[in-house]
Structures are given as structure tokens and as C-alpha cells.
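Following: one structure in C-alpha cells, then a few remarks.
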Amino acid sequence: MDGAELAGKIFYTWLTLVLGFILLPSAFGVSLGISEIYLKILVKTLEWATIRIEKGASKESVLKSSASVGIIQRDESPMEKGLSGLRGRDFELSDVFYFSKKGLEAIVEDEVTQRFSSEELVSWNLLTRTNVNFHYISLRLTTVWVLGVVVRYCVLLPLRVTLAFIGISLLVIGATLVGQLPDSSLKNRLSELVHLTCCRICVRALSGTIHYHNKQYRPQKGGICVANHTSPIDVLILTTDGCYAMVGQVHGGLMGIIQRAMVKACPHVWFERSEMKDRHLVTKRLKEHIADKKKLPILIFPEGTCINNTSVMMFKKGSFEIGGTIHPVAIKYNPQFGDAFWNSSKYNMVSYLLRVMTSWAIVCDVWYMPPMTREEGEDAVQFANRVKSAIAVQGGLTELPWDGGLKRAKVKDTFKEEQQKNYSKMIVGNGSLTSDLD
């Protein structure tokens, strides 16, 4: 048997295993139990590693690794209480100390920028990207870590790349072919079939395990699905259980090819960058979409950027101005098996996908929530905040009022001016901040 024949047999065996045990079951939404067994073994291994770390690491290292809850103790009292006794009085130089304290707290540890970096883990999950020192604690732990590297890069990575290539190729080819059909119910059914099948294959390419809760509240046609945003794979996670009309900006490269193919088969709403700045044009196109109750629900991420797996930041009001029924969805990833957060300012898409595909797995929970509508006398901002609060509570996430745009932009002058106005009102004695807010 020569080398070419041996390579051919290995390739044939590899494709047979991929098709028989992974591709076909995932295409039909069936699980053979392989992922569950893999996760059970992984959990036992990580539990053993945690015990070895606790035995081998010094107390200082354990304290350092578990100090992710915060490094300073904040005084969360409002300005009025912090500057008690100043209302109706002139400015005093001692006021400077209060603002200096708040400024130093923000410099040492502010609650915004840390949401744009990966979530820290209390215990190591045998990935050097989460802690570069732990694998030197003992020889056993080092051996397990090396074995894990071999498994992730030599076994899982080729398998996942193969599945991703097949899934993306089928999506582009299938959507293009379906797009040639005339508009009809048959075309819609075939389009949903192509999207569901290919997204399920791509989720398997990430060793994804998704737990869906409250399926009776899944978004319905003619509605708007809004969810917190951690990663580009949020779309795959949700589309595995149902199809959506997506809203987003037109991209180039591979992403652009996928977008152009998808929009032929399904009424996705893609915008040029110049159109995205025209809020009225965006609103008009979205209203036209939800007016047709036969069209798929629109999927929107109102934060506008990826936030790490700990928080929900400000929802842009545009999604809540167009009317219709809002279907909130909360997504929470399990960081023990891999970090799904995309730090777009640090990693490009290829680097990010490489990090995800070399993680142990992607495990997450998805909670569908009861539909919500805008109440009488409620403006778009209040409605957006109410939906955001509901998602944060359901997903166990921290609710923050800050704009996710601070990831790349500075704080708006209007916010600074608001703080200055509040302080000036206290000085001139025009009433308390509490009464103004009421």
C-alpha cells in the first residue's frame, strides 16, 4: 500500500465519521449523545484540575485568582448624599475631595471598560488564555494540559474546521439556489430549512451545547426579537432553534458573500454604512418589514456591540420606536468551557474564530421571555430600559446604564454637562436632586 492510497483511505474514513456521526444528525436536529458524554468527561477533568490547583497553589495565588469581583470598595451613594450639607450654600474647596475620590475610583476600576474584556474565571479551565501560570503547578497538571492542547489542536480543530467549511458552503449554495425560486410559501419553507440545517451544522463545529428554556415564548412572525449581544455566534445560537430576518451592516469578504447569498432566499435587512447613519431610513425599512405578518421575526441586538458575558448595557431606542411586539431573549454562556466574547478591538474575525474553535466547547442557556409591548404614556427609552431590565434579571447579568459605544468613543459632553448641572443646582439651592428626578 503506497502513501497516496493510505492517505485516501484515511481521508475517506474521516469523511465517513464526520458525515455519519456528526453532520447528518446535526442537520436533522438529532443528538447521538456524543456531546453529552464529552461534556461529562470534561467536567470531571476540570473538577480534578481545580482540586489540584487548590492543593498546589499558594494562598496568595488563590486569592489573586479569585479577586475578579472587584479590587476597590465603592461608595455608591448619589452626589447629593456624598455632598450632604452643601445644599443652599456657596461653593467650598472641600467639594474637590468628593470629585477627586470619584475620579480615582474610575481610574482604578471603572464599571465600563472591564465589560469590553474577557470575563475572568475563579478556577482555571486548562486554557492558557484564561490563566498563563496555573499549568506550572504540578507535573500531573502540566501533563493533562499538554494532552488537552493535543486534543484541541490536533483532533477537535481539524474536525471543527471541516464542519464549518461544510456548513458555510451549504449555506451559500443552498441560499443561492433557493433564491432563484419565485416568491411563494415553498420558497419560504425551503429557505427556513436551509438556514436551520446549516446553522445547526455550524453550531456543531463549535461543539455547541444549547439549553433552550420557555419555548412557548419563541418569537413569532411579524414581531421583533431583541437579545443581549456577546458574540457573532449569537446569531447561530438563536437560528438553530428558529429562523429570523436579520438586521445589520453590509460587510465585505467572506461575510459579504454569505450576506448576499442569504438575502436572496430570506428577507434580511442589510444596510450600507451611509444608510445606518440615517435613522429615519432604517426605521422605515423595519416598519415595512414588521407590517407583513407573514415575514420572519426581526432579530436585533440593541446594544450595538459585543459586551462580555457579565452585563447588559444601554439598549438603543431605535428598535423600540418602530412599534410591534417585542420578544425579549436572554443569552448566557458558560465560561467554564470557553470564552464566547468577541473583543473586536483586539481580535479580528479569523483570530476570534480560531480562539473559539480551539476552546473546549461552547455551552450556553437561552431564555425566551413573554412578549412585551409599549405601554400607554411610555416613551421609547423607558420601554427599552424595561426590556433591558427583564433580560438582565432572567440571564443573571449586571444591568448598566452606559452606552456600548464607549467601547470606541469618548463619553458624550451631554453626560458631563448633566453632572455639572446637578452640582450647580445643589450649590444655588434650587432644590434637591431627588425632587428634580421625581
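Each residue, glycine too, has its Cβ placed from N, Cα and C.
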What range among 140-160, 161-181, 350-370 does TrEMBL record as transmembrane segment?
161-181
Tertiary contacts of the transmembrane segment (12-34), as residues 6+ beyond its ends and Cβ separation under 8 Å:
159, 162-163, 166, 196-197, 200-201, 203-204
Within the domain 'Phospholipid/glycerol acyltransferase' (223-334), count helix residues (DSSP H, G, I), strand residues (E, B) and coil residues, in that order.
40 helix, 25 strand, 47 coil
